[in-house]
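Residues or ranges marked as domain 'VOC' in TrEMBL: 22-152, 179-333. The feature Fe cation binding site is assigned by TrEMBL to 182, 265, 344.
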Ligand SMILES: [Fe+2]
């Protein structure tokens, strides 16, 4: 495995006291992990990795770990009444509980962040089994979301101690997802800068870009966003807050249904968005509708692209360009019953930005969905 020392630092002004190698896993608390695992296998092509539950001696919870490329999802459900997982699901519905970060030293990561003001969620502890040991620690971030630090350099098992390898015969093919590009948090009114400061001061991140309500607004709704990144650029966390508009923004809708701040979307990268999105659509994943008129003028804005525009139009893939290149992106509808979390599929062709040129078309598409839900 590559270590932090080999990964170039690309943002020079980052304090970088907290080396992070990448996203280790994302854990969702869900009402029915078995069925959610089937969905992520069947519709998204995630491959079975590891399991813990009654059969492995876990009496209070069941977890399924699935992987595609470098993306690991963990789906966890409670096995008993009461307790923190049930409370979480009762309040938030299904949603992201843990964004786990892969580090070389989980004890130091916990010390460095708690010394700088992070609230501890989990003191460093050693988990062991016959495959070695993992050091795990954790801190709290926005809402009831946590960051865990995972040190796995002395571990050779499938996932984490406590899990057993999970190898069913049912294995729908992958759809070409490669890695987590960014994970976006929605926070409440006036809270964006508090969490931007948290990532800067407590975790040593720097601000990559900022969008105000003039950048991200339509006739009806608005939001503000700042993108925080760690030193090597492997971890990018945009933070959104609502802004005043004539109608209720998607961020307010989220906060209302999630009952607070939480993860809004997970952007996953592919190197062939046409293949990935075609496959996802075939398997029943619903994407936001992009009006065909978007494609009438898009090339005037973004210039020449390698892909066939007609194919992108068929799939509703959005295009944007910055100084470094262009990107292709597309957003699913919420993947849960509450209008909360969704996924973004992104293919970067040089561009390191986030699709600012698409914000208006995108938010108008979201407003159409909100109107159907009666939450605009
Ligand atoms: Fe995004």
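Cβ from N, Cα, C; glycine included.
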Sorted by sequence, non-182, 265, 344 residues with Cβ within 8 Å of centre, Fe cation: 181, 183, 184, 238, 264, 266, 267, 268, 331, 343, 346
Within the domain 'VOC' (22-152), residues counted as helix, strand or coil by DSSP: 33 helix, 64 strand, 34 coil
Averaged pLDDT score, the domain 'VOC' (179-333): 93
All-chain count of other Cβ atoms within 10 Å of residue 344 (Fe cation binding site): 22
